[in-house]
Structures are given as C-alpha cells and as structure tokens.
Amino acid sequence: MKFNHFIKKSLTRQIIALMGVFTLLFLAGTIILTLLQEHVNSSYYKEREKLVKKEEIVQQIDHDFNLVFFNVRGYFAYNNSELKNQAASLRPGIRKLISEYNRIAATPEDKAFGKEMDEFADFYFIERLPASIEYFEAGRMDEVIKLADSGATARINSFQDETHDYLQNLHKELNDRVQSLIIKQSYIQTGFFLFLVVILVILFRMIRIMFKKIGQPLTQFANAAEEIARGGKAELHVGQERMDELAVLSTAFSKMVRTLQEKEQDLLAQNEELLAQQDELQAQREELEEVLGTMRSNERKLERRNELINGISNSLQKQEVLESIVNNMCYVIEADCGLIVMLQNGESASFGISALGVEQFNNHLASGFIDRLKQTKEGFTVKRQLLQEEKGYHERTVFGYDLYLPIISSNQEVTAVMVFTRFGFPFIQTHMDEYSALSKQIGLSLDKISSYENSEADRKLNQDILNTVKEGMQYVDRDGCILQVNKQLCEMFHCQDGFAGIVGQTWDKWSVLLKKQVVDEDGFTEFIWRAFNGETSSGETFVYKTKDRGHVCQMYCEGLYQNNERVGTVFVHRDITKEFKVDEMKSEFVSTVSHELRTPLASILGFSELLLNRELKPEKQKKYLMTILNEAKRLTSLINDFLDVQRMESGKQTYEKKYIELLPIIEKVIDNQQVQTDVHRIILESFDGNDLILGDSSKIEQVFTNLISNAIKYSPSGGPVYLRLYEENSLLHIEVEDHGLGIPENAAADIFNKFYRVDNSDRRRIGGTGLGLSIVQEIVRAHDGYVSFKSKYGEGSTFIVSIPGVYKPSHGLDENIHQSGTRYEVLVIEDDQSLAELIIQELTENNLHAKHFNTGRDALAYLENHLPDAIVLDIMLDEGLDGWSIMKILKRNEVLSHIPIIISTALDEKEKGLSLGAHDYFIKPYQTGSLSLAILQTLLKVGKAGQILIPENSPGD
Amino acid sequence: MKKILIAEDEEILRMLISDTLEDGDFSVDEAEDGEEALQLMEKKQYDLVILDYMMPVLTGLDVIRKVRSGMNQNKDVKILMLSAKSQQNEQEEVLNAGADYFMVKPFSPLQLLEKVGEIADEV
C-alpha cells in the first residue's frame, strides 16, 4: 500500500514502473521460448547420434561377415591358406563390434538383435567354421558340402536378411525423428508469434494509460489557460484523487486564477481613483500653461532685445547692423513697420516699408520732425490717419501711431533717426524711457561702427600703400605675432588663404611656415630671431633661396619704436633673383671668357716662344705657325661673338636685308662645317619649294654656322646631321637635327639665354661661350622669325628656324609696274624743301609715286580723300603738328592706321617711333636707295606687294 | 730619365707642353682628362704630374684630391697645376688641396721647362 502511494505521487515513477513490468514480461517470454527451442533441438540431435552409431556398427558387422564368408569360400575354392587366415583374423573384430553394439542397445528389439548376432557368431565361428575347415583339410569335401547344406548356408542367409531388415528399421526411425522435429519447431514458431501479439497488446494498453494520465490533463490546462487569457472563467477537472505533479500543477493553477481575479478587482478600483486625479491635474496644468505662455512671451521679448544688442554689436558691417536694428526694434516695441536713416549720408534700412516709401521719407527729412528731434534730442509720438495702402482691406478710418526716436552720438549730436509705426494701437507713454534706452544703446554701437570704419579706411590705405611696394613686408609685434603683411609677402611665401593665412600667426607658427620654404632653414631662423631681438646691425641682410622656384631673396629688418620703446620689427624681403642670376651669369661669363680666351692665347704665345727660341725643323715650324694661325682665328671668332652679343644688346646691330635664296647659303655653311669633322655627315634633304627670304645673308649664314657647329659639337661621337627645309603656314622652316647628347629638360627654358651653357661634366670639354644660340635667336627674330627646338636627353636635338618666305618678281619691278599700270603712291611729309626733293627723286627713280606736303595739316587734309600706300614722315616740322602728333592721329583713324609709316628724321628716337607704330625708322643722313628699299620691303610685308609682285603662274594668286 | 704625366684636355696645349719638354731628359705620358690621368697613375709611378684645372669628367682639383688621398702609388708625386683662372682664391684652393706648384695660362714654355727642370733635380 505504501509502495503504491509512492508510485502514484510521481508521473516519472509511474512510467518507470510500467516500463519495468513490460520489460520483465518481454524478457521472461523470450527466455522461455528460447530454452524450449534449445531443448527440442538437443534431444533430437542426441537420438539421431545414437541411431547413426548403431547403424554404423551393424553395417560394419555385416561387412566383416561378408568378408569372412568371401574368404572362407575362396579358401575352399582355391585352397589358399592365406585366405583362411584372413577370415580367422576378422573374428576378433566382429566380436568386438558385437559387444560394442550390445553396450549401446537400449530397446528390447536392439537387445534381441544383439543376442541374435552373438548367437550367429557363436554358431558360425565355433560350431560350423572349424568343422568345415577340418573336413576340407581332411579332404572330405562332401562333408563340407553336407555341412553347408545341413542349414549352415540357410542360417547365414537368414542372418544377412535379418541384418538388412534391422538397418531398414533404423532408417525409418531416423526419418520419423526428423518429422517429429519439424512439427515441434513449427509449434515453437507459432508460440513466438502469439507472444509478440500479446506484447503489442500490452504496449498499446500502456500508451493508452499514459495518454489518459498526461495528455488529457495537459489539453485541459491549455484550454483553461487560453480561456483565462481571453478573460473568461475556467475550471479544471483534473482528478481529485490524483497525487502526482499534474495534481500539484492543477492546484497551483486554480490558486493563480483566483489571485488574478482578485487583483483585477483591485486594479479596477485603483483605475477609477487615478482617473479622478488626472482630471484634477489637467486643470492644474492648464493653469500653469497659461502662466508659462505669459512668461514665454516676456522671454521672447527679452530674447529679441538681446538679439538687437547682439546684432548691433556682432557685426561691423554698417548696412547689416542697420537692418538688424530696424527688424529687431520693430519686434521689440511691437511696431508694424520701421525705418532708420543716417543723417550724414542718407544710408538707411527699413522694415515693412517699400523702397518708394523710404525714398519719400528721405526726401522730406528736412521737414519739421527732424528739427524737433535735433533740438529736443528726445523721442515723441504722432497720431495720424493711415494711408490707403497702409490700411489694406480695412474700410473704416484707422489711425496710425508714429514713434520718432533720435540716435545720439557720443558727442551729443543726432546722427540718425528712427521712425516706427503701429497700426491701430498707440505707443504707451510710459514705455518711452525704455525706447530711449534702446536708442542710446543703438547710438553707442553706431559710434563704434563709425570709428571702426574710419580705422578700417586708414588700415586699407596703409595696406594699399604697402601692397604697392615691390618688396615683401611683414610687421611683427614685440610678442612675435604677425600684425601686418603685404601682398608681395603672401605671394613670395605662397600663403594659401592670403592675408588671413598669416596675419595673426604667432612666432612659432609663422617662422616655421616661412622657414620651410627656404633652403637654409637654420640660417633663416637664426637671422629672423636675431633681428627680432634687435641683435642685427643696421644694414645687415640675409640672402636666402626658396625651395620651390629657387628664387633668391634678400631680407633685412628694422625695429619699430614708439616713445623710445621697441614695439615691433619690420621684415623686408626683396626678390633679387634677377640680379642674382645676372650676377651669376656675368661671373660665369667672365670665367668662361677668361678660360676660352686664355686657351688659344696660351697656344699662340707658347708656340711663338718655341719658334723664337728653338732651332726647329721647317715642317715643325710650319706646323707651329699653322697652329698659331688657327688659334688666332679662333680668338677672332670668339671676340666677334662677344661683339655681336654686345651689339645686339645695345640694339645697334644693323641688317642689310635683300632677297636671298636660303639653299645656297646653307650649302655653303655645310661645306665649311663638313671640312672640320670626319665623324659627322651633314646631310641636306632635297627641297624644291620656294627658298626665297628677305634677309641679311651674312647673318643668316651665321645662324646656320652656329646651329650646325652646335650639332657637331654636341654629338661628340659623330653621326649624321640632317638639314631639312619645308614650307608651312607661309613660313619657311629649316630643321637642324643631330643625334648627340640632347638637352636635359631642366635646361630647356634657359637654352637661348646669353652665356647660358648646359652645366654637365660631359659638356665641359665642349668649348663655347654660351652665346651661339642667343645670337641665332636674336638674328632670326630680326628676320620676323623664331627659333624653336625639340630634344630628348641622350638622343639628340632638333633646332627649327622659321622665317617668313617671300616671292620675288619673276620679271623685275619695272615691267610689273608698267604692265599693271599702277604705281605706289607715297606721301612725303617733310618741311625741308631740298631734302624733300632728294626723297622725291629717289622714290621716283624706284618707280614710286611721291606726293609731297610741307605741313601735317595739309597732308591730313589730303588724306581725308586719298589712301596712299605708304607715308614718309619727318618728326620735326615747322608748323603746328609735329611728326609724333601726326602719327597718333593716323593710328587712331581706322582706315588710315593701316598705312605703313616710315620715319625719316634727324632725331635718334627709334624706339619711340617703332613703339608708336612706325614700320621703319631712318636717321638722317642715310644711304640713297635705302628708303625706297625699306618702303618696298614694308609693302611686301603688309601684303600690298602681292598684287603685282607675285608672278602670274605662282600659287596663291 | 724622369717620368712626367701631362693631363690637359686641349689637344694643342698638350702638344705644346710635350714639345716643350722634348729637349729635356724626360719620358712624357699624356692624358685627355682627369680620369685617364688617374688610370695612368694607377699603373706607373711618376716624378711629376702637370694638371690642367678645367678638364671634363674629373677636374684637376678632383684628381689632386684623389691622388693625395692615397688611391694609388703616386700619393706623394709632385704636382704642377696649370690654370686659365688666375684668381688668388683659386690658387690657394689648389695649393691647399695638395698641388706643389701653380702656373697661370697662358704660360711661357721656357719658364715651364725651367720649372720642370728644377723639380726634376729636386726629386
């Protein structure tokens, strides 16, 4: 009973118990059935073994007897005693087998058969066989046969039959046993099947029990829980008699449901109470909100007032401040529109008023209100009827109230006035104090702005002055902080944000910013530090190089004193790159010239000395003299180069330009140059175009001599030098191409500069003054052309000379002119009569038609109706207009400005003449014929000549 | 016979110097530039080296510095420097670097011969 109770209290235990009983049943059934099977099988095998054993023995006995009979008969037949002995030897075996059989014989039949076999053996071996053998040996064969016939043979046969019968019975018995085993086996199988069925039934029962005990109550719980969750009521019907966990759960669940229901009641009650409280709170809140609203509006007013003050104190932009004043004032004093006007310059800002309104007000400023404000310096209000546009859609009369407020500066002057208007409700007189307080505040800030504006204007003026200075300047206060810089300084040091990027920087920052851009950082820092501390002597300078562009700058510093107290330092940075470069180039030039001149000089002097002081063989003498000659030539050409450059620099180089063919000149230069070298081949590519230019042939020759000798010099290992001519864009281009050292990229910009030589150890052995290319450029430019080059460092260079090509008349000038029937008209303005006649004569000789005037006025009058092809102009004229004025007048006139002007004067002001637009400038006296040539060349250049000078069959006609 | 090395890039001047020294009892080697001069000094011990200042590849000054730093057997060889530049500071620079004598271009061949003779006697 107690155990039963123990099991019932736990579901787990119940399940374990059920499972246990089931397992026990299953095991017991299985064991019993297995044992039974085992038993049936073993008893069958035992029986079978016995029967088989018996069978084997009987068969052996039968076999042995047969052998005995066989041998005995053989003995009798052949009288072979061997056979007799064999028969005798089988006897003990047979006896042994028989006695073995008797031992295992169980049934009465077996025992009877055993006795029978014993008896037969006795009969045969004891009774008959000895007797037969005795008879046989005695030779009494008949007796033997008689004995046999007397039943011995019959007995043997019957024994053999019996034996066979017995064996057959044994077989039958074996079969019976097998049959009975099969039947038993099938019984046992049926038993197994039934057992399984029973077990399944029991299992099913168990599941049913578990479902009833657990599943059903759980479903009930679920339904009940759901019902409660939905808010309904639910009862549980879990068996009262149960004692397990479900019973406990059910009790707890019921209790919980009860508690929940009680709580719900409580909450409902509380809720009602809270609702009542909330109503009360709502009322309180509304009350508070009302108070808060008032506070907020006050606060907003204060904020606006703050904003007004912030707005006018935060900005120094006058217009911005004025607008902020009007907007904020309107809000603060609750005006509908407002206006502020500066009396001094009429600057104004408004709120709610149209531009027209503002203008009208400004126009009437001088009327009474202003005077009153100026006199009383106190604000006042005015009531008036609103204008139609102010009233808007209101029909009845509405009054507006204007508040006039003066703004008074620190020196008690009215500097500005403010007017604010309320539509429909008046300004309260008691608020006037507040209004005037505000206006005072505004006055103060306007004062501040005006003083700021003054100082700003001063500062700007100072800055502008500073910016005009070419040097970079910075002013550092005594704490090391930068107070002011000028534009140049910002540019020199790449201040990214302009002044803002550097002004106001402390010593630590700006000194680093600047020194980073200087090559000698430490030297720079040391100098500015010494200068800042006043340790530099006056006039001491520091020269530094900038990192990025390699500019060279010179810096000096001056202390700034106020009342004998040092208040700061001014640093001045002067860009001396140009001077520095010129200096550098000059000294390099001096050194080069010195070297270049001394080398040939050393040869000339040395060899002369040897010639004078030594006895030399004639060949040697000749060799030395040749050397002296060559070196002297080299000296001459060097000196000529220097002189050329000098001439060109001073603008004194003259060019005698004629129509010249380029090819023959180039061929000549090539011939001269080819002689100088064995390793180079100078190749002129064929060209059959027009090679005519207007130029000075000796100068042009110099251009190509320089270029080709450069090509040879700068390709020391030899190779071809190509010359190529081609026409493009009416320019004649001549290329000189070598495959030598090439020009390094960094040298490209300076290559045409005077004295410039590519600094490179490879090139130092290549002589030269650094003047060749600069001379080339100068000459080509004088021919209205240009030189360019392309080069790849290490692979060679190509220099290209581009000069305008021209076409020469095929039949000569005269014929053309006669053929076309036109002659160029040249206006000659010259007051010296005899000179004029000379000029006219020269022009006429050259088939130009001269028209002469003594004064500019007459000439200008003529020009109103005529368009000559060129004008020859004297500068110093007797009456009124001089040559310069005439030129200016002509150049201003659209039609006349295109007429070429050739100046013919005693004044040496060529540059002025050319800059004013003259095409050529002749200083009297000049060679006869040169004026006409210049005019023709000019006409050729401006394209006038094309109509008559170009032959009929040439292209471009 | 004293062994003399001439380093001079101008062929004509090289010829002038070697012809000048022809009369004396010298064996003369010639180099076209500083590097070639160094290569020759690598192989042979000289009694005197006549160096031009302005030479390609290696200047006379470079050569002196290299020789005096003991890069070959001619560490203590007498050196006569020829230069077209006659500035005082250059002369000092050359002598400080280790040249024994200095002669300005253009020079007198007879003087040069005389000088070389003196140096040869000293050695």
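Using the three backbone atoms N, Cα and C, a Cβ is placed for every residue, glycine included.
In TrEMBL this protein carries:
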COILED    A:257-305  coiled coil
DOMAIN    A:212-265  domain 'HAMP'
DOMAIN    A:592-807  domain 'Histidine kinase'
DOMAIN    A:825-939  domain 'Response regulatory'
MOD_RES   A:Asp874  4-aspartylphosphate
TRANSMEM  A:15-36  transmembrane segment
TRANSMEM  A:187-207  transmembrane segment
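Only residues 6 or more beyond the boundaries of the transmembrane segment (A:187-207), in the same chain, are considered here, and those with a CB under 8 A from a CB of the stretch are 18-19, 22, 25-26, 29-30, 33, 36-37, 40.
Taking the Cβ of A:Asp874 (4-aspartylphosphate) as reference, residues of its chain lying under 8 Å away and at least six apart in sequence are, in sequence order, A:Ile829, A:Glu830, A:Asp831, A:Asp832, A:Gly883, A:Ile903, A:Ser904, A:Thr905. Through the fold, the transmembrane segment (A:15-36) approaches residues 7, 188, 191-192, 195, 198-199, 202-203, 206, 209-210 of its own chain, all at least 6 residues removed from its boundaries and within a Cβ separation under 8 Å.
According to DSSP, the secondary structure content of the domain 'HAMP' (A:212-265) in residues is 39 helix, 0 strand, 15 coil. Shown for the domain 'Response regulatory' (A:825-939): DSSP residue counts in helix, strand and coil, namely 51 helix, 24 strand, 40 coil.
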